[in-house]
Amino acid sequence: MASTAPTISLKGVTKSYGTGPLAVDNLDLVMPARSFTCLLGPSGCGKTTTLRMIAGLENLTDGTITIGDRIVDSVPDGVFVPPEKRGMGLVFQNYALWPHLTVRANVEFGLRIRKVAAAERRKVVDDALATMQIGWAADRYPSQLSGGQQQRVSLARMLAVKPEVLLLDEPLSNLDARLRLEMRAELKRLHEETGHTVVFVTHDQLEAMTMATHVAVMKDGVLQQLAAPLEVYHRPANTFVAEFVGSPPMNLIDTTTAIGAQACAYLRPAGDVATVGVRPEHVRVVTGPAPDDAFTFDATVKAVLPTGSSWTVSVLTGDTEIYLVSTEPVAARGGETLRCAVAAGSLHTFGKDGARLAGDNAMETEWAR
Amino acid sequence: MTRTLRGTEVDPPPEKPPARTGRGARLRYRLGVARREPTLFLGIGLVLVLLYLVIAPLVSIISDGFAVHFGDDFKAGQPVGALTGYYLWRVFRSPVSTELFWQPLVNTLIVAVGVTAVALVLGGFAAFLLTRTDVKGRKALANALVVPYMLPSWTFALAWLALFKNGRSGGQVGLLQAWGVNTPDWLAYGAVPIVICLGLHYFPFVLLLFGNALRRLDAQLEDSARILGASRGTVLRRITLPLMLPSLSSSTLLVFGRILGTFGTPYILGLPVDFNLLSTSLFSAVRSGQQGVTAVLATVIVMIGVAMVLFDARLVRQTRRFVTVGAKGAMERTIALGRWAGLAATGAWTLFALSVVVPVATLALTTVTITPGVFSADNFTLAFWTAEHLPGAPGFPHGVLRGTELWSAAWNSVRIVGMAALICGLAGLLIGYVVVRADRSPIAKVLRQVSFLPYLVPGIAFAAAFLSLFAVQRGPIPALYGSIALLVVTLAVTHLPYSSRSGISAMTQLGREPEEAAQMAGARWLTRIRRVVVPIQRGPLITGIVLPFVSGIKELSIVIMLTTGGTQLLTTLSINLVDYAYAQMANAVILIIAVLSFTITYLTQRLTRTSLASGLGG
Ligand SMILES: Nc1ncnc2c1ncn2[C@@H]1O[C@H](COP(=O)(O)OP(=O)(O)OP(=O)(O)O)[C@@H](O)[C@H]1O
Ligand SMILES: [Mg+2]
């Protein structure tokens, strides 16, 4: 389906709430047409603020926002387009359904504003409710629904007016695990089908990885990295991204520790490495002879934590604690010694400022098993 | 421990937004936003109107006290309009100052202390009984004991006269005198009856404030002290009382502040023995046309009123630092009364009888008896209600329900108070809207505070200030004295603090998202207000209209100065009848007001499922 969904670009966008540090600091962000961009970051990092600024609900302290070829916010040029004229859909973090209207009337509201005929309205509303599997609640009031049901109504309300830009603020946070999975798939299908430009806020990195075409990682109002999900995972721009994306998080080992120094010596990197990183699933327990192109070390088992499909093991080498994830059973008990190996290509290196070092050899090559 | 806690509480130092874009451009952007978003303009407009309606009258009346008025030029020895200390001298130092100011000041203090004490004892007793004991019928009691507050404050005074009046002033004597018991002047008039009557009117106020605080007080705090081995008495003295201090001081100071501005009771019970309070002294000054003296007296009352509220705010702020009010831990913890149960219940119901049943029944009785105290069939009559012609009653020669006086006063009351209440309710909601929408912007802060300002000024002083401002034409605003508009505006402004408070809390609770969601759906401002904000806030809006209406319909202190022959209200009609010494008919009008006020309150509570006494008992 051909879509006219626009590119969204933010340039030097800054937001100050008056006191405290900047909520969003000099943000440059381009979300290509028809992309599905996740704003990812810890609580309070400015994701909601960014989203609200794109929607026009929050004023900028500085910067410019362009939707397609239309400038909707520009502090330097004194331009401001109000939210109701931006033609975007937004799902609020707390749903913001209208308590005095039924579910049907909630979803219908935008269509009434657009003066859509009654018969057409009915059909669109029914479709939207059906998509969100909430048609049975059409005549209820929001207060009679659970949080997850309200969230789906909120999604239906946004979809009913067919906006070209969808802004979603943690729209799946209140669903149970199964429904969340279904809704993820549904949203992804919807995006692929209609080709909306979607901006999706979440602090759940798994959600970002599974749904997004682009991930923007933020911290304290500052953009850390904007890239495709796999890129963010395999080439984290700095230690913050490396640690934030992935679960359990990447092992970050200071090069002042014994094991860190060994790893560094093994790599013989060009730059001044302060931290070496390795994802838990890239640390392998070896029983036979060590592979050639791998960094190997011995470690003492601290605890084994089976999760059902995999085994997370916490090991100690010197004073450094390292996590590894194995898809095969680990029979070791606490106190036993394990031999661990990491493929050379799976080691990440970071400089003093935490930034990923240029020219390091940590590629996303999966280690041949 | 505290150190680390404090350390995390402190906001990081404000960072200047980067100045990449120039000031001019940023201003232009903000204007662009403001043009699309009426909130800012609405806020500025509201602030300006409110500032004018609150500050201008005060400035006007204060400056009135320092300029020679027409007719005083000879006495002051200065030309009309000159800057003068004459009125200050007259009020504070002249031979008449005792009568004008000092004696009323002393009387006011005596009455205020007395009333506060009575209200605290009665209200504290009732609050304790209702929140902390297993007294029977708590719910019914809670509802019953707030009724006195719904009656016009001077109902008690009229009932008192009907019981205790002696032959000193004109008209019929009271029941006791009629039965041959001589009531001395000190019992019939002056400080004693005023204190008792106002005490009975204001104790529900203490009950509500104090009761709510007691209920929120975390019983676990008391329990932990008990577990640590403290005796019941020690817990009361060392834990409960200190924690209750803020609400104690609040109720004390607020009751105290109310006494400053109350008019009806001291007028009815004080006048026969020349017992003046500041409020009645102010009223005489207004009625005798002494503008300068009026101004000085009103200014003093305002200053005392402001001092009270500020003192209270300071006290509360100081205490709040160590007061923990637990909402969750506050479990029902009631003391079993055991063998005291009967006595406690009797006490509480006696209080209800004394503060509601006795006064209302007495008044009702007087309206149907010709000679007080005689219970023979030929002494009962409905003439004072319905007679076509009452012989020997010049000025009001028929029953209250006949003729046009009552009906036009009632229509005026409903119309004027209704308009004021409507303005109040809508303004309250709008103020809440702006405060929430413009959250954290200076305009929200200013609006919040300005709408609270009238609260600082005792009603009667406010009325004097409005009179001073609007008695003559000022700029485009014509002289409003005697007009309905003046009454409406004054009533609206004086009741605004309550409406804006409830509007702000209702809007804060709702937050801005529902409106923003409508905005995202493409709705313009008016559509959003009409289709989303107002419908959602219908309940608070109705409450915000009804509460000022009920309080306005029994308002006397404010309107007494502003009404003229053409704008008689129910309350002023009743006072006029008192002036004529037509006790029966004055009482009849009061009963009508009481029934009206009670019915509307009751209906609203029914409709909105709220209750003044909610949560106090059961
Ligand atoms: N209205 C406001 N006034 C003042 N500060 C605010 C306001 N809204 C947000 N902030 C601050 O701005 C920062 C960013 O907030 P924001 O809501 O964008 O975070 P978030 O990334 O969405 O967090 P979460 O994942 O918890 O929703 C926070 O430090 C927050 O305290
Ligand atoms: Mg958020």
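Placed from the backbone N, Cα and C atoms, the Cβ positions cover glycine too.
Residues annotated as region 'Disordered' in TrEMBL: B:1-22. According to TrEMBL, the feature compositional bias 'Basic and acidic residues' maps to B:1-18. According to TrEMBL, the feature transmembrane segment maps to B:40-62, B:109-130, B:142-163, B:186-210, B:253-273, B:293-311, B:340-365, B:416-436, B:452-472, B:478-498, B:540-562, B:582-603. The domain 'ABC transmembrane type-1' annotation in TrEMBL covers B:105-312, B:410-604.
Contact between the transmembrane segment (B:452-472) and the transmembrane segment (B:540-562) is supported: at least 3 Cβ pairs lie under 8 Å, counting only residues 6 or more apart in sequence. Remote same-chain residues near the transmembrane segment (B:109-130) are listed as 138, 141-142, 145, 191, 194-196, 198-200, 202-207, 209-211, 214, 248, 251-252, 255-256, 259-260, 266, 277, 344, 347-348, 351, 616-617 (criterion: CB distance under 8 Å, separation of at least six residues from the stretch ends).
Contacts between the transmembrane segment (B:142-163) and the transmembrane segment (B:340-365): present, as 3 or more C-beta pairs lie under 8 angstroms, all at sequence separation of six or more. Cβ atoms under 8 Å from those of the transmembrane segment (B:253-273) belong to residues 107-108, 111-112, 115-116, 119-120, 152-154, 156-158, 160-161, 168-169, 185, 188-190, 193-194, 197-198, 201-202, 205-206, 209, 279-280, 283, 301, 304-305, 308-309, 311-312, 315, 458-461, 556-557, 560, 571, 575, 578 of the same chain, restricted to positions at least 6 beyond its ends.
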